[in-house]
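Student: What TrEMBL records for H127, D150, H152, D154, D241, D243 is Mn(2+) binding site.
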Amino acid sequence: MAKNPKYDPTDPAIVPRFSDIATLLRTKRLEATEEVDIGLCGVPFDLAVNYRAGQRSGPAAVREASRLIRRCHPTSGIAPFDIANICDIGDCLINPMNKEKSIDQIEAYFDGLMEKGITPIAIGGDHTIPLPILRALKKKYGKMGILHVDAHADVLDTICGDKINHATFMRRAMEEGILDPERVIQIGMRGSRFEPEDFTYSLESGYTVITMDDYEEMGRKAAIEKIVTTLGDGPIYISIDIDGLDPAYMPGTGVPELGGIIPRDMQVILRALQGKEIVGADICEYAPALDPTGITGVGIANLAFEILCITADSLQKYGRL
Ligand SMILES: [Mn+2]
């Protein structure tokens, strides 16, 4: 199999998994330059959660869990490292003493990636980080569709009087004209609510919402059809709050909710996005201190590989390599 001459991935068939320094999906650790097509990066920010913190340690733990990942997708056959120049470009700088400065730093960092033509796949960090990421992407792509996987709709106006935190990004992004509401799909919503109206903003804005009750009624196949149809044509972003998945499989998160998406279904849903114009993605809310077995980190590394495969394929299809 021909390898991209620009890139020599670390092959676990040659270099043992337990050796060397850990990187995201075993890619080379390189600076974010114009040579990079897809930048895997960490955003170690957790200053805007209202319950259990520790998501700042997510990127480092996903690097360790990435040791398991191989080079080729088992179902699609996509070998992303043969298609695109994919690197671990390190972590976005944040200020652990200042939320507002950190949000600005994150936006500026992703502005820089856009200028260099790098498609980002970010590992959080709490679920505030999609807002500054999407602000940067909007300057390049305009309004986007989004697949938002989460136990919570993240459309509250405020928590404790605060407007930018891990429960508000899907509202702020709409207010700021970042999202095309007709191409917004939210899936996985469940759990007790603050108020009966917690989801009203989603519905009034025209988002398509598949709660876990809906998902169980309609089944995976029909849900995938709805996701694919809603996202339609044009640029899409993928944001996974890991609490969208069932805490039996993904316990290492700040706000676990019973009765979520199982990892197998999440894999199949992501595979169904092959062919879409994917412009960026994140997986957030992993708190390794709450993950004693490390299984959440392993799950996230595998979901990041799923996203990487469809993203590399997308860049090739849309002529962005
Ligand atoms: Mn969330």
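Backbone N, Cα and C atoms are what each Cβ position is placed from, and that goes for glycine too.
No curator has checked TrEMBL annotations; they are predicted automatically.
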Student: List the residues in the vicinity of the Mn(2+) site, defined as same-chain residues other than H127, D150, H152, D154, D241, D243 with C-beta within 8 angstroms of the site's C-beta centre.
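Tutor: Nearby residues not in the site list: H148, A151, A153, H166, A167, G244, V255, C284, E285.
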Student: I'd like the Cβ neighbour count for D150 (Mn(2+) binding site), meaning other Cβ atoms within 10 Å of its Cβ, all protein chains included.
Tutor: 28
Student: Tally every other Cβ atom lying within 10 Å of the Cβ atom of D243 (Mn(2+) binding site).
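Tutor: The answer is 27.
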Student: Based on DSSP, name the secondary structure state of D243 (Mn(2+) binding site): helix, strand or coil.
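Tutor: It is helical.
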Student: Using Cβ-Cβ distances, find the residues under 8 Å from D241 (Mn(2+) binding site) that belong to the same chain and are at least 6 apart in sequence, listing them in sequence order.
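Tutor: In sequence order, the residues whose Cβ lies under 8 Å from that of D241 (Mn(2+) binding site) (at least 6 apart) are H127, H148, V149, D150, A151, H152, D154, T253, C284, E285.
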